[in-house]
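If you check TrEMBL, you get these features:
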ACT_SITE  SER149  active site, charge relay system
ACT_SITE  ASP226  active site, charge relay system
ACT_SITE  HIS260  active site, charge relay system
Amino acid sequence: MALKQVSSNKCFEGFQKVFEHDSAELKCKMKFGIYLPPKAETGKCPVLYWLSGLTCTEQNFITKAGFHQAAAEHGLIVVAPDTSPRGCNIEGEDESWDFGTGAGFYVDATEDPWKTNYRMYSYIKDELPKLINANFPTDPERMSIFGHSMGGHGALILALKNPGKYKSVSAFAPICNPIQCQWGKKALGGYLGSDVSKWEAYDATQLVKSYPNSHLDILIDQGKDDQFLSAGQLLPDNFIAACTEQKIPVVFRLQQGYDHSYFFIATFINDHIKHHAKYLNA
């Protein structure tokens, strides 16, 4: 599968690059950001996948999060894909910011007209890692995942649905219980139809209830002044209660005064990189 380099910038002795490729899963052209640490020039590195939130592209994380120094120091390749298929000319895909373009929700749609292209779950789980492992100096056995908001939801469900696939998982202000919030009801209803039982397969709070006894160390940071927390879109308490019941270790940090923005992410990104490096470099 051919990769076309869109940009390359030297950063902390490594390179932040963006590539474009034709996605078989999404049936459109897709871009992703990839940071290659200095260590990648001489050996294989583990891969950390970042999933962004609503309205984002591959650009938001690579330009705003300030993760490069920590990734360089710990020798991690960091991959940041886009958040939805692009340019599919589906009627209604650009009508709202929280559904369609920029809002793939990391599910495989089953409803028309979305089901042909909107397969972000399979893209992140299968197609993208295969592409990364075939074209870059990775250790395919060592991968982890994290994300923000809708992407935090994506990271949690990918880790919970695939025990053992990811060495660790973390999230910033994740949508923890989408079947109970407005964003989730809109997205899951649109992509998966009206049968709520189908939604549960993409809800971290539901998935954790049947997670097997496999080790998974979860770190979550949440800004206390996040407007979407107070609006009931994120519902971390429901997820933590479910984790506690299942005896799954989760470190949940409520950060005083922080909101939902990349200023919040940039503040705590080094802690998350360190969290993943502990498992990826073990």
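Each residue, glycine too, has its Cβ placed from N, Cα and C.
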**Study point:** Proximal but sequence-remote residues of the same chain as HIS260 (active site, charge relay system) (Cβ under 8 Å, at least 6 apart)
**Key:** SER149, ALA173, GLY223, ASP226, GLN227, PHE228, LEU229
Check your understanding: SER149, ASP226: which of these active-site residues has the highest Cβ count within 10 Å of its own Cβ?
Key -> SER149
